[in-house]
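What Swiss-Prot lists as fatty acid binding site is Arg127, His128, Tyr129. Swiss-Prot lists Val2 with the feature N-acetylvaline, giving similarity to another entry as the kind of evidence.
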Amino acid sequence: MVEAFCATWKLTNSQNFDEYMKALGVGFATRQVGNVTKPTVIISQEGDKVVIRTLSTFKNTEISFQLGEEFDETTADDRNCKSVVSLDGDKLVHIQKWDGKETNFVREIKDGKMVMTLTFGDVVAVRHYEKA
């Protein structure tokens, strides 16, 4: 099922992302850059691993993981997290935990586009991607 996500995706639209980053404790300067950056996300499957590469003018990140298995992740804003990504039906659910906190991203395909819903506490942001 992860195959549905395997593509190159370009961010087209973002709602409430600044509030989400603020809730995470991301500094003002980094938030300003994050708000104007339109990253390209490349999701692929390499053997039994899923690889998510995020490319932007601000920072490039790459994570490689097996579905359902915890892994160490350093985020674009330099948080060191314990993360797990799993499939929940047709959704790709990514949970990050650090310093007693937790955030999650839910990626789903709607009308050929990828919609990513980011939740931290009661703050929700939505980012829309189209195939590049």
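Backbone N, Cα and C atoms are what each Cβ position is placed from, and that goes for glycine too.
For the recorded site, Tyr129 (fatty acid binding site), the DSSP three-state label reads strand. Comparing the binding-site residues Arg127, His128 on other C-beta atoms within 10 angstroms of each C-beta gives the minimum for His128. Across the structure, the residue listed as 'N-acetylvaline' and Arg127 (fatty acid binding site) are spaced 19 Å apart at their Cα atoms.
Counting every protein chain shown, the Cβ of Tyr129 (fatty acid binding site) has 24 other Cβ atoms within 10 Å. The fatty acid site, placed at the center of the C-beta atoms of Arg127, His128, Tyr129, has further neighbours from the same chain whose C-beta lies within 8 angstroms: Trp9, Leu11, Thr12, Asn13, Ser14, Lys113, Met114, Val115, Met116, Val126, Glu130.
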